[in-house]
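Colleague: Before we start, here is the structure in question, set down as structure tokens.
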Amino acid sequence: MQQAGLTLMAVAVCVAFQTSEAILPMASSCCTEVSHHVSGRLLERVSSCSIQRADGDCDLAAVILHVKRRRICISPHNRTLKQWMRASEVKKNGRENVCSGKKQPSRKDRKGHTTRKHRTRGTHRHEASR
């Protein structure tokens with residue numbers, strides 16, 4: 001009788017633990033706010049950076065700058081940040097992305113085919129035939 005009560009108590013504790021995990025998910029390291037301003041002086045002190053996508057676990061797109069022991073979340077649309085990332089790419093021998101993170105998804109049309117931007121050099125086809 002006492003063993004059955006102990007087993008029942010253990011099962012109840014396990015169930016309670018499982019439901020509390022579902023209600024209160026583990027804390028993640030997502031940015032919840034982004035700054036829309038960043039100084040050039042701050043960018044000089046960046047040791048590394050990473051990209052947070054607005055899919056999956058995190059709801060906000062951000063570039064996370066690591067400065068000393070701090071994480072600073074910046075809007076990925078910030079003009080100064082974009083210029084710094086382009087300049088850093090050149091310094092890093094043309095690496096695709098200075099910050100680690102997921103690559104941008106390819107553009108797809110309604111049928112799921114990957115689309116590319118068409119670049120035309122010189123005149124257009126219909127003008128050349130005239």
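In case you wondered, yes, glycine gets a Cβ from its N, Cα and C as well.
Sharing the feature lines straight out of Swiss-Prot:
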SIGNAL    1-16  signal peptide
DISULFID  Cys30-Cys58  disulfide bond
DISULFID  Cys31-Cys73  disulfide bond
CARBOHYD  Asn78  N-linked glycosylation site
REGION    92-130  region 'Disordered'
COMPBIAS  104-124  compositional bias 'Basic residues'
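What's the neighbourhood like for each of these?
Modeller: Secondary structure at Cys58 (disulfide bond), taken from DSSP and collapsed to helix, strand or coil, is coil.
Its Cβ placed at the centre, Cys73 (disulfide bond) has 18 other Cβ atoms within 10 Å.
There are 17 other CB atoms within 10 A of the CB of Asn78 (N-linked glycosylation site), with all protein chains counted. The DSSP secondary structure for Asn78 (N-linked glycosylation site) is coil.
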Colleague: Quick check for the class: what is the C-alpha distance, in angstrom and rounded, between Asn78 (N-linked glycosylation site) and Cys31 (disulfide bond)?
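Modeller: Distance (Cα to Cα, whole Å): 16 Å.
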Colleague: Between Cys73 (disulfide bond) and Cys30 (disulfide bond), how many Å separate their Cα atoms?
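Modeller: With the alpha carbons as reference points, the distance is 9 Å.
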Colleague: Can you grab the distance from Cys31 (disulfide bond) over to Cys58 (disulfide bond)? Cα atoms, rounded to a whole Å.
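Modeller: Here the two Cα atoms are 8 Å apart.
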Colleague: Translate the DSSP assignment of Cys73 (disulfide bond) into the three-state scheme.
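Modeller: The three-state answer is strand.
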